[in-house]
Amino acid sequence: MIGTPYTEGARRAMLLGCGELGKEVAIELQRLGVEVIGVDRYPNAPAMQIAHRSHVINMLDAKALRAIIELEKPHLVIPEIEAIATQTLVEMEAEGLNVVPTARATQLTMDREGIRRLAAETLGLPTSPYFFCDTETEFNQAIGKIGVPCVVKPVMSSSGKGQSVIRDVSQSAKAWQYAQEGGRAGGGRVIVEGFIPFDYEITLLTISAVNGIHFCAPIGHRQEDGDYRESWQPQAMSADVLAKSQAIASKVVEALGGYGLFGVELFVKGNDVYFSEVSPRPHDTGLVTLISQDLSEFALHVRAILGLPIPNIHQHGPSASAVVLVEGKSKNIRYQGLADALAAENTQLRLFAKPEIDGRRRLGVALARDKDIESAVNKALDSASKVKVIF
């Protein structure tokens with residue numbers, strides 16, 4: 001049962017994290033009559049602009065997080081970022097709080113160690129070789145064992161922060177320092193992974209719903225500096241590789257538990273599929289589903305967490321997304337060139353309405369459909385390039 005917002009019978013959902021992905025989740029929640037409460041570390045975040053009400057707190061502060069949940073008494077708590085005091089969610093879930101998909105899933109995936117050990121050591125899934133390191137000495141020893149090239153990441157980071165590829169041991173000291181600067185909690189533990197010379201990487205959006213496990217068509221993407229630049233759907237792959245990918249994704253999602261959409265990241269090399277990472281929430285590369293599917297990843301996430309069925313997912317054909325990435329400093333961001341950006345057939349644009357920029361930030365995404373993937377990617381890139389950001 002779902003009541004009406006602002007009434008005694010309202011179904012209340014609290015978003016922990018109010019960025020561009022949280023904004024789309026909020027929109028889908030409101031389409032089904034849910035009262036939305038936005039929480040983030042800074043004011044006027046994208047989802048806050050459309051939520052029924054919002055709060056600014058440090059979500060890594062356990063006392064502050066507990067206090068805001070006890071104040072609002074939400075029926076659902078939906079983590080949309082990793083930088084949260086997850087132990088508080090675990091404790092409150094034991095007291096009866098409904099955390100999406102589960103507090104355990106949120107805690108396991110907030111750092112790379114928890115999910116990697118679950119995938120490789122508990123579930124026995126194929127992954128790259130890896131070591132976790134607390135000191136620079138351990139770090140150098142791990143590089144010696146794995147060899148170069150190898151990949152270094154803080155165990156807690158997002159959007160590529162602190163990640164680097166070591167192609168020669170002379171780069172080790174710089175990579176260690178960069179990883180220490182890029183972690184969400186400051187310096188700390190890192191993972192050193194063997195470099196898989198993959199043919200391509202995919203995000204397999206996997207939904208655990210009341211009527212079973214469902215998959216979106218695989219999404220291909222291009223990364224730069226650890227963050228996505230373009231994504232496309234469907235990624236061409238053989239039926240055998242797709243089946244292997246779905247089997248891996250199913251095992252991970254079922255092990256994490258709960259209802260919701262999960263972004264499962266996989267590497268493909270020939271006929272081999274390797275598990276990389278998973279997010280228990282909509283994935284940035286999945287922004288392409290805003291134009292490629294009848295139900296976007298956000299709509300699917302909301303259906304699942306509300307306990308509603310997903311009878312089918314229709315994919316419209318070759319589609320792509322390209323980010324609007326800007327570098328600068330401003331608290332008065334404006335946009336020009338929108339008419340040119342939207343002049344071509346089957347193009348759409350999402351501007352995230354982020355309140356400020358200080359450095360490099362993703363401010364929007366262009367979306368396109370076309371006769372084939374290459375054409376769709378080029379159309380999305382062309383559209384994104386025509387958006388002019390004025391400071």
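Backbone N, Cα and C atoms are what each Cβ position is placed from, and that goes for glycine too.
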To which of D272, D284, D294 does Swiss-Prot also attribute binding of N(1)-(5-phospho-beta-D-ribosyl)glycinamide at the site defined by E20, L21, E80, K354, R361, R362?
D284
Among the binding-site residues listed here, E80, E193, E265, E277, which has the most company in the form of other Cβ atoms within 10 Å of its Cβ?
E80
Could you round the CA separation between E201 (ATP binding site) and E20 (N(1)-(5-phospho-beta-D-ribosyl)glycinamide binding site) to a whole angstrom and send it over?
23
Does DSSP put S158 (ATP binding site) in a helix, in a strand, or in coil?
coil
Do you know which of the binding-site residues G160, G162 has the most other C-beta atoms within 10 angstroms of its C-beta?
G162
